[in-house]
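Could you have a look at this structure, given as structure tokens, before my questions?
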Amino acid sequence: MAKVGMFPLLHLVLLSAFVLNCQCQERKLHIVYMGAKPNEDVSFAPKHHAMLHRVLGSPSLAKDSLVYSYGRKMEGVISVNPNRIYKLHTTRSWDFLNLTTNKLGAPQESDVIIGLLDTGAWPEHPSFNDKNFSAPPAKWKGVCTGTNFTCNNKIIGARYYNSNNFSFEGDIQSPRDSEGHGTHTASTAAGDEVEASFFGLAYGTARGGVPSARIAVYKVCWAFGCSSADILKAFDDAIADGVDIISVSLGSDGPDDYFDDPIAIGSFHAMRNGILTSNSAGNSGPYPVTVSNYAPWTLTVAASTIDRKFAARMELGNGQIFTGITINSFDLNGTSYPLIWGGDAANYTIGSSPDIARYCLPGAMNAGIVAGKIVFCEALWDGSGILLANGVGIIMADILVENPDFAFSWPLPATLISAEDGKKVLEYIRSSDNPIATIFVSDAWKDAMAPVVVSFSSRGPSPITPDILKPDITAPGVDILAGWSPISPPSVYYDDARSTLFNIISGTSMSCPHASGAAGFVKAVHPNWSPAAVKSALMTTAYVMDPRKHKDLEFAYGSGQINPVAARNPGLVFDASETDYINFLCKQGYNTTTLQLVTGDNSTCTDTTPGRAWDLNYPSFSLYVEDGQTIMGTFTRTVTNVGAANSNYAASLYMPAWINVAVEPSVLTFSTIGETKTFTVNVTGPAIWQQPIISGAITWTDETNVYVVRTPIVVYNYIPGAPYNLDSDESYSSFSRAQKKPTFSHSTVYHKSGIMGQSKAHPHPGFFN
């Protein structure tokens with residue numbers, strides 16, 4: 001069971017009777033009411049207050065317990081849920097994806113509206129300048145709410161939600177962003193072109209994927225997290241407002257079933273209204289079965305590297321030079337300072353010792369010794385222990401952090417070197433009468449290995465529906481330069497008082513808006529395409545990732561890295577409708593009651609036999625097999641021709657020889673655009689035990705070689721629900737994460753993302769992806 005704040009999971013279905021068996025004095029509830037038509041101006045609050053009054057016996061308690069009422073299509077109340085807390089998952093990147101400025105500029109791009117559920121935005125940011133922008137598209141029905149926030153023709157709408165009526169110091173009760181995360185994601189997806197750098201690093205032009213697109217801000221996340229009630233209400237508003245794409249860089253610690261997941265429910269209703277939701281996959285990698293936001297009607301985005309990384313050199317007094325993957329913008333001008341080991345500067349007065357001070361924890365250091373020196377520390381930390389003791393800089397080495405593939409920034413000159421190099425630094429300190437060192441500003445290195453899925457990116461398979469391959473795709477999410485809130489700390493240290501309009505951060509939160517921007521780029525020229533068609537175009541045209549660099553193969557990168565330009569002209573698409581997804585849920589064992597928790601209408605599952613999800617028209621193929629079973633599965637797919645009117649596509653296969661894959665028919669002939677063809681894929685093989693992922697692909701190519709439509713196939717051993725169905729309180733994955741992630745005394749965007757561990761001061765599940 002997922003952790004949901006301080007309360008156990010409650011899900012209650014109400015059609016005519018209303019029964020609530022819980023201590024509602026301790027809960028905030030959000031009610032899903034079925035009875036409104038789309039955009040109908042109806043207030044359900046009085047009816048819901050009356051229902052709660054009858055159950056709770058107190059009119060004041062009923063009023064205090066109701067958070068939001070949501071309009072749906074079916075009469076009656078469909079569900080009551082406790083309000084839960086979710087987490088946010090945190091420009092060279094667009095050029096790396098070959099979406100260069102010369103490929104932009106289609107007039108329809110300014111009609112695309114990307115809605116972002118996040119921490120808000122900083123409206124005066126140069127990335128959101130509306131110079132040369134016309135009035136918002138006529139389809140836009142949204143509003144700009146709250147004080148201290150002004151919209152323009154770039155940010156055309158803004159709303160904020162705080163159903164908990166709770167905030168931390170620094171939170172702003174408006175759509176204004178005090179965290180930085182929302183400004184970063186919005187400017188990544190659709191920010192205007194602007195000169196940018198992080199205190200001089202990575203200087204150049206930053207922009208979003210579709211700089212002329214419009215932005216709609218839905219602030220659902222605060223310093224304490226993102227509540228489920230606010231998320232669902234924001235989806236409701238974004239749909240009614242008229243957005244084209246919804247970008248959601250947040251998720252739960254899960255796994256949650258679809259009917260318990262506000263993102264899955266909200267994105268289902270977005271899909272019904274022609275809106276694709278792009279989601280971050282989560283930052284719990286590299287452990288398996290950690291992917292979040294796995295509903296098949298959404299686009300689940302992993303994070304991978306771009307061809308630039310940041311490295312900071314340090315030099316010892318004896319001339320030895322070591323390099324660490326670090327974002328260091330502080331310039332010591334080559335000046336060397338005394339170098340000490342942290343363990344030699346213990347603050348004995350407060351009970352510290354060399355064994356404690358070696359880690360350079362705040363308060364554990366003797367300021368009289370540390371002041372004016374560079375300190376070598378044996379742990380990855382936020383630098384505050386040395387900063388507060390008036391140290392000049394910090395050199396870190398941590399045996400648990402080997403070969404980092406993403407960088408952090410710090411509040412003082414810093415670098416993070418390998419544990420092996422750390423031993424050499426300590427040997428120099430011990431052997432020298434006057435050890436000295438300096439730390440240089442970071443250099444930007446060319447990373448010839450890119451793209452590679454980053455270690456923290458959550459991996460598949462899906463914990464709920466392993467017949468659906470997740471994640472769907474990967475996009476740049478490492479060391480991404482984009483906009484930032486000037487009142488949010490720019491480094492891992494919560495009290496870093498520096499202010500910047502741009503920051504370099506990592507996370508699937510950063511990859512998600514890349515996919516959102518790419519989806520907007522496709523939607524601009526295909527405004528009538530369904531969400532499934534846009535998603536299919538992005539998946540089947542993706543750059544193929546190098547399997548030699550990824551032992552977990554498609555569980556890391558899905559179909560590959562997004563290729564926005566190719567996605568505009570995919571040739572064939574795998575389309576799917578609301579009816580297809582309803583049939584999928586019914587085959588997953590949903591009954592009419594649980595189905596309606598997702599659909600919000602009168603849909604039923606009376607005529608569907610539960611079974612595997614092999615016939616959902618998905619642009620990939622996933623076949624799990626329990627230990628000792630033979631490999632056997634038959635998939636049915638239908639493709640729609642969106643390329644040349646008269647065309648023939650031939651199938652080619654790649655799969656290890658001991659697995660047989662048959663495609664029937666192996667040639668598809670089309671005579672018109674919009675024509676559909678159906679084919680089957682039969683996968684067979686021997687019995688397998690303890691077999692990790694095996695993968696291949698089916699590729700459809702037309703006779704001109706203009707269109708190449710690739711769909712991955714994966715086969716693997718798995719028990720559905722593992723490891724979350726183990727007889728223990730924690731899965732193996734969460735245990736591993738707990739053992740290998742440090743905790744910090746304060747919480748910044750870096751810690752909330754889960755990349756650097758959870759805050760001790762704020763023991764909520766976190767919220768950043």
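Glycine residues also receive a Cβ, built from the backbone N, Cα and C atoms like all the rest.
Automatic prediction, not curation, is the source of TrEMBL annotations.
According to TrEMBL, the active site, charge relay system annotation covers Asp118, His181, Ser509. Residues or ranges marked as domain 'Peptidase S8/S53' by TrEMBL: 110-560. The domain 'Subtilisin-like protease fibronectin type-III' annotation in TrEMBL covers 615-715. What TrEMBL records for 1-24 is signal peptide.
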Which number gives the other C-beta atoms within 10 angstroms of the C-beta of Ser509 (active site, charge relay system), all protein chains shown included?
36
What's the CA to CA span in angstrom from His181 (active site, charge relay system) over to Ser509 (active site, charge relay system)?
8
Fill in the CA-CA distance, Ser509 (active site, charge relay system) to Asp118 (active site, charge relay system), as an integer in Å.
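So the Cα of Asp118 (active site, charge relay system) lies 10 Å away from that of Ser509 (active site, charge relay system).
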By DSSP, how many residues in the domain 'Subtilisin-like protease fibronectin type-III' (615-715) are helix, how many strand, and how many coil?
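Here the numbers are 0 helix, 63 strand, 38 coil.
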What is the average pLDDT across the domain 'Subtilisin-like protease fibronectin type-III' (615-715)?
97
Within 10 angstroms of the C-beta of His181 (active site, charge relay system), what count of other C-beta atoms is obtained when all protein chains are considered?
33
